Structure formats: C-alpha cells, structure tokens
C-alpha cells in the first residue's frame with residue numbers, strides 16, 4: 001500500500017514521500033507524456049509494474065517487509081502482496097540510485113505540461 005511504499009522511500013532516500021507527490025509526469029499519478037528525468041522514469045517503471053498486477057490492489061493492499069542490513073526483504077503470504085512489495089521495493093531502490101537527478105523544479109509539476117503518449121512499458 002502507499003503506507004509501506006512511503007516507509008521504503010524514507011528508508012532508502014531519506015526524503016519524505018511528499019517530495020515525490022506530483023513530481024514530473026509520473027510520480028504520484030498523471031501517467032502521460034515523457035518522464036522528465038531519471039527520477040520521474042523510476043515512477044514510470046513503477047506504474048508499469050503495477051500494470052502487471054490487474055488482479056491486485058497495489059495502492060491499498062498492505063504487505064509486510066523487513067528492513068535488514070540496509071536491505072528491504074519482502075515477506076508475504078499471498079502472491080499479490082509479494083508482487084506489490086517487489087514493485088514498491090524496485091521503485092524505492094531506483095529513487096535512491098537516482099537521487100542525483102532529483103530536481104526541485106519538477107516538484108508539483110503541472111500535469112498539463114506532460115504531453116504526448118508515454119513510452120511503452
């Protein structure tokens with residue numbers, strides 16, 4: 001769920017999840033146009049990951065994970081929860097690995113500036 005995703009973002013980036021709300025064209029919704037930078041591309045890939053889970057509820061299904069030796073370990077009983085956790089883990093790692101591309105000018109980015117068809121997943 002968004003709760004666990006938020007915790008992962010804090011643990012891996014030391015940024016508040018609010019830093020990524022309405023960032024670029026893909027973080028926090030929108031999902032149109034082209035990613036503005038590598039940080040926004042992380043969110044694009046995350047959206048694609050969620051698209052592979054049509055029978056799950058990634059924004060509301062709560063799952064369990066461990067934070068062990070600086071690593072996220074997904075531990076869930078159901079396939080949906082495990083896969084949601086893996087999608088969220090991947091985006092949190094991607095955001096951490098691309099912290100150097102984070103640009104404040106893309107925070108609360110106006111959605112109308114996101115034009116064109118998005119890349120294919």
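Count begins at 1; order follows the chain as displayed.
Cβ atoms are placed via backbone N, Cα and C, with glycine included.
These features come from Swiss-Prot:
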type	residues	note
DISULFID	25-114	disulfide bond
DISULFID	27-43	disulfide bond
DISULFID	42-94	disulfide bond
DISULFID	48-121	disulfide bond
DISULFID	49-87	disulfide bond
DISULFID	56-80	disulfide bond
DISULFID	74-85	disulfide bond
REGION	104-116	region 'Important for membrane-damaging activities in eukaryotes and bacteria'
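Annotated features, which come from Swiss-Prot, shown on the structure.
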residue: 25; record: disulfide bond; DSSP (3 states): coil
residue: 43; record: disulfide bond; DSSP (3 states): helix
residue: 48; record: disulfide bond; DSSP (3 states): helix
residue: 85; record: disulfide bond; DSSP (3 states): helix
residue: 94; record: disulfide bond; DSSP (3 states): helix
residue: 114; record: disulfide bond; DSSP (3 states): coil
residue: 121; record: disulfide bond; DSSP (3 states): coil
Taking the Cβ of residue 25 (disulfide bond) as centre, how many other Cβ atoms lie within 10 Å? 26
What disulfide-bonded residues among 25, 27, 43, 80 are found with a C-alpha within 10 angstroms of that of residue 94 (disulfide bond)? 43
Taking the Cβ of residue 121 (disulfide bond) as the centre, count every other Cβ atom within 10 Å, in any protein chain shown. 10
Largest tally of Cβ atoms lying within 10 Å of a Cβ, found at which of the disulfide-bonded residues 43, 48, 49: 43
Can you tell which of 80, 94 has the least company, meaning the fewest other C-beta atoms within 10 angstroms of its C-beta, among these disulfide-bonded residues? 80
Out of 49, 56, 74, which of these disulfide-bonded residues is nearest residue 42 (disulfide bond) by C-alpha distance? 49
